[in-house]
Amino acid sequence: MCGWNVLVQVNPYDATGYGPIFEEEPLDIVYTKESPDRLISMNCRARANPAPTYRWRRDNWEIKLMELPNEHYSLVGGNLIINNPEEKKHAGTYVCVAKNVYGTVISKEAKVKFGYLEEFPDEERDPVTVKEGQGAVLLCAPPKRWPTEVTFRWIYNEFPVFLHPDKRRFVSQSTGNLYISKVEASDAGNYSCYVFNPQIGKGVYSKFIPLISTEEKKRYKADLVVKFPDTTAMLNYNVTLECFALGNPAPHIVWRKIGATDLPASAQVSMSGALLHLYNVQYEDSAGYECEAINQKWQDWHQAWLYVEAAPEWAVTINNTQKDVGSEHTMSCVANGKPGPYIRWLKDGYSYGKGELKFSSLTFEDSGMYQCIAENYWGIIYASAELRVIACAPTFELNPVKKYLLGANNGRVVIECKPRAAPRPRFTWTKGKEVLFNNSRISIMFDGSLEILNATRNDEGVYTCLAENDRGKANSTGTLTITEATQITVAPEDTQVMVGEEVHLQCQASFDPSLDITFIWSLDFRVIDFYLEWKHYERIMVGGILKIMNVQLRHEGRYTCTAQTVVDNVTASADLKIKGLPAPPGGVRVEEIRDTSVKLVWNRGADHGSPILGYTIQTRDFYALTEVDWRDQQHENMMADVVDLYPWMEYEFRVYATNEFGDGEASIPSMKIKTWDAVPVVAPTNVGGYGGKDGELIITWTPVQPQYFYGKKFGYVVAFKPHDDVDWWYETISDPETRRYVHRDASFRVKSNDFQVREFQVKVKTFNSKGDGPYSLSTTIYYPRDVPSESPTDVYSRPVSSHEALVWWIPVMDTGTGLQQYIDGYQVKYWRKYDDTEPGANRIFVPASMNQTRLENMLPDSHYLIEVRAYNGAGVGPPSEHCEMFTKRAPPSVAPQMWRYISYSGKWLYVWWHHISYDWFGNESFPLYYKVMFRKTGYITGPIYMTGWHFIDFPMPQVGDYELEVRGRYEGGDGPIRKIRNNSHINFVHLLKDVQSFLNLLLSVCLPSTKQSTVSPYRMTCLAVESTNVTLL
């Protein structure tokens, strides 16, 4: 039995004794004088055997709980109770100390602080006078408090009427100030700042601040007054950045992450853009952030950095350890964190060094409880472990020498001897009565094991290991038997095959007949799992032959056969080379970035037995519709300039090679990069507009697509002028998604003496931070005097399906000069005659150049009324006569039942489905024909076949997975889809549960019906079936 010192004898890690381990540690406490209990309780509980005793320290001074009576402190179990606490006596840092005979540990530090929230001063607040349209700031000037984390709200006129922040009004949770971007008349009143501390449950409010507004409505430029500072956040915590601007109109706030196209996925913008919340912050969120305030007068922006740091977290910690007296030992722990944590040590509650602890020769005094402490600015963590230094006489009770030992002829034999002993014993080996010494074949290893090289039958016998140290000695015996060695007789050979072929790798071995043998196959040192990889690998039990079916490129490599018995094993290897499509290139990376091109390089991949003919570079930008939306460029070298890129666009690239067998698999995409910015070159399209009421001029355009922004701070410049004027008027629009601009000018109103349409010239150009782009073509828009006076005539309609119809009409004559006749387009209304009301009708607007449109989202088998009116900027004209129309019946709601059949050879796929019966008195529309789509899995489109028959056959694809869709086409439109998936590698039999029903089905499908006068030769092809490989779907 081993002991850890000379006085106490214990078994290592025996449950009868161990050092303290904390189960509950004290936590930080904020105490308020208003607390009804008038006490502080700090918990501490440790598990140990024998049970521990507890002590407490305050600011590194021990609290004398046992020696001196104290009216404030008391100990209940391990918990410290502070009665009637006083800030000067009891605020500070506390630790709990737990101790037993095995050692001492201290808990994490816990701080006791006294919370408070002072009152606002009693002085009256000065009023704030501001003009309507200007911004206003009401200062909170909060009182002193602890903790400092409080919430701010503002009272409006009287308690408890609280102000609700919106796009115009914002309350900063950093300063408490109230910001109003533009003051309106309704904002006048009295305001009070309310401060609430949730940890102490107390709130206070200031004297009222009168806000007085005066009448003067002007527009003011955007001005950022709340700007978030450089901020440091903790890893995996949340952080909020504030940004708010004054201005009239109220500015719009936009957030950006500098150097990225998007905000982090965890980001959320709230309070009309004033707050940016980043949840569960990660290191990659560390970056510069920008907020931009935009209104029609100006744009203002601010940038600051977010730094992400982390509290310590253990990467490598310490564990309970048992070591021999006099041995070497090293204790180390590693913690991650930012900034890097500082490591220090405690032994039995007292400082014991820093960094790494090294013991050159352990003594009993080194036993005890050790604590590794890692700390940085953000926190501190503890790890505890017990070190026991032991000494004992050798014993084989737990690990004796194996009684029966086997070794291979001419092989290496190791007989283990691992007694429990401390300090390390001396080892002696005997064979029978002969003492063994080290020689060229036999050696005693450092751990006591006996090694025999080139073993023969003469080495058989009884072996005894004797272990001895200064505490005693012990021995253990085993018998060695030598067997015939295992040898490979037929080894696998290097082989080269084509993709899709089958190959056999031979492996046979001779072995001792008294033993069992097994063959293990591995590919590039990975053992092949025949159960999981049954589609391609099969082990033929006669010998160790490996059969590889339907060989693919991934099966290339070094195959190793291992013939193994319980005594020894032997291996033989062979290389399998596969000729086929080239492997993906590697290391795709961008070396040079320009505005419309980049320099791309990559490493050559394996050619798989056929020279590479060329490479195809694929590019995908940020606005790609799907993950497979790549654009191709052909190149022959392993370096290329990729051109025709969009400036200021995020791109990623991948490359695939081509040889005589076809295109190989694409490489892993490169890291995403962003091209440099440039001046925009695309102008807005479809520039137009119309005159409205009360002097409004509405200018419209189609916004430029984001890929043509070419840089940040993208916007539009709208230019317009009356037709006869020389000078243009200009307006700047900072929102890139804006589609229209409304200009109001009383001089535009039509006067009674106007006899012609008033004309305006308009054009729009783009701009960004690099400069201005080109203008669009100038367009003439008109300002009408009144709504159209005539209505469209001869309105006709025709149903297309159960949900759609076409409608057309004779347009209103537009002379282009008469104010009454000028039109911008037509409004088409449609509703169900008996089930809907006209005010709730669907509406479609079409331009004046068109006299027809398609009506959508109609209900099947319904009676509709259709009305057409002409309109312009002044409103809509008189209605046309109502046109009445009936939509068609809806298609069936159930897809046709379908079957498939795969030929025995696996080369043909036959599919057939039920004819859809038609009920002349039902609610479903008449069937016309069938649509069949056969496409590769994962693709959106594929070839579509239309047929009047209810069966079809396809050549069975040999590579890849495919989907087949069948749907009926009816008078009322397309019916529901029935889909089947087909794997080219699966060719097993799917039998119908009821054989009789299958036969009846086969006859009904293949043989002509008695109601049919002719038999199609195609319908009879299914009689020549090759197997019963049929699936009911």
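Just so you know, the numbers here start at 1 and follow the chain as drawn.
In case you wondered, yes, glycine gets a Cβ from its N, Cα and C as well.
What TrEMBL says about this protein:
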DOMAIN    20-113  domain 'Ig-like'
DOMAIN    121-210  domain 'Ig-like'
DOMAIN    222-295  domain 'Ig-like'
DOMAIN    312-388  domain 'Ig-like'
DOMAIN    394-481  domain 'Ig-like'
DOMAIN    486-577  domain 'Ig-like'
DOMAIN    584-678  domain 'Fibronectin type-III'
DOMAIN    683-786  domain 'Fibronectin type-III'
DOMAIN    791-893  domain 'Fibronectin type-III'
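Secondary structure of the domain 'Fibronectin type-III' (791-893) per DSSP, as helix, strand and coil residue counts: 3 helix, 48 strand, 52 coil. Secondary structure of the domain 'Ig-like' (312-388) per DSSP (helix as H, G, I; strand as E, B; remaining residues coil): 3 helix, 50 strand, 24 coil.
Ranked by the number of CB pairs under 8 Å to the domain 'Fibronectin type-III' (584-678), the listed stretches 20-113, 222-295, 312-388, 394-481, 791-893 are led by 222-295. In this chain, the domain 'Ig-like' (312-388) lies close to the domain 'Ig-like' (20-113): three or more C-beta pairs between them fall below 8 angstroms, excluding pairs fewer than 6 positions apart.
When each of the listed stretches 20-113, 222-295, 683-786, 791-893 is scored by C-beta pairs under 8 angstroms to the domain 'Ig-like' (121-210), 222-295 comes out highest. With a cut-off of 8 Å on Cβ pairs spaced 6 or more residues apart, the domain 'Fibronectin type-III' (683-786) and the domain 'Ig-like' (222-295) reach 3 or more such pairs and are scored as touching.
Confidence for the domain 'Ig-like' (394-481), expressed as mean pLDDT, is 91.
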